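**Q** One structure is given below, represented as structure tokens, and several questions about it will come after.
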Amino acid sequence: MFSSIAPLARLNPFYAPHFQLVQDGLRKRTEPAEAPSTRRSLAAASAAEDYSCEYGSLKFYALCGFGGVLSCGLTHTAVVPLDLVKCRMQVDPQKYKSIFNGFSVTVKEDGVRGLAKGWAPTFIGYSMQGLCKFGFYEVFKILYGNMLGEENAYLWRTSLYLAASASAEFFADIALAPMEAAKVRIQTQPGYANTLRQAVPKMFGEEGIWAFYKGVAPLWMRQIPYTMMKFACFERTVEALYKYVVPKPRSECSKGEQLVVTFVAGYIAGVFCAIVSHPADSVVSVLNKEKGSSASQVLMRLGFKGVWKGLFARIIMIGTLTALQWFIYDSVKVYFRLPRPPPPEMPESLKKKLGLTQ
């Protein structure tokens, strides 16, 4: 029975380090010794591929942040029509009964141009969020990895991805909150404002600066679990794809083949992201539409069934969105010749402790 369960357990990206260490150790006793550790492999690859900067340098972080701006800003703006319908389904389910009905009603009332409402705050807000999300993720991943040490960073790498992404998203949501609030007002309150220039002064006049930040706590509730799943699931899915699906090591894959793996892993991660973060997304949409309501009041009023309205639309949107974001982000790294560490490998020091070296 154990032999039938073990292969499934190894595919789980969140299984315990101890179990993983035992399984890796059993497998590697019968296999040739692996390549050097990640850092040494990266250093060797850096010399061979002539990277444009050092891993962990200020230029590296800056270009990663720029990749985040492009990946989040462009993709979120591209799906504004779907996001608009999703938000309207959440705040007025009686009027907007389904995705197709939502599109039909919106076009009938506002014309085709009405589907683009909220594109400006979407582009600005999510560009700022992408800058912080991807830029700070690289910062915190290296920082926490150095704090743990090479061996623990390998053994607890899933926890490392979770902690680094949560820390990055905390700051990213503060950057996103003002534009997200304006976007929801434009999209879900007909007649309130048609443009960002109309919405911002009106919101400030009615509620002051609080109008732009009252949704930051629900944003944290939505985005932090979403981002933790997005990064941890992506990192472990990439690792699993190269280990169990791709028939050759990443070092032997072309840049195009590597980007295909990135896209597939991104889509898988995106589906889980959508499910984890959807209830909080529903609360944010309703909260930013209404004056004087709190997150707990909105949650109580929506109930269990209400918070899952629009989930199918969100799965389509977030799955595609996440896959494209990772594809664009990785493409930026390739274009600027940034260091891209290979999938993690057991450090040499840990192999020696386990007697796995020959």
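Cβ atoms here come from the backbone N, Cα and C positions, even for glycine.
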**Q** Among 216-234, 311-329, where does TrEMBL put the label transmembrane segment?
**A** 311-329
**Q** Pull the DSSP breakdown for the repeat 'Solcar' (156-240) and write it out as helix, strand, coil residue counts.
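**A** Residue counts in helix, strand and coil order: 73 helix, 0 strand, 12 coil.
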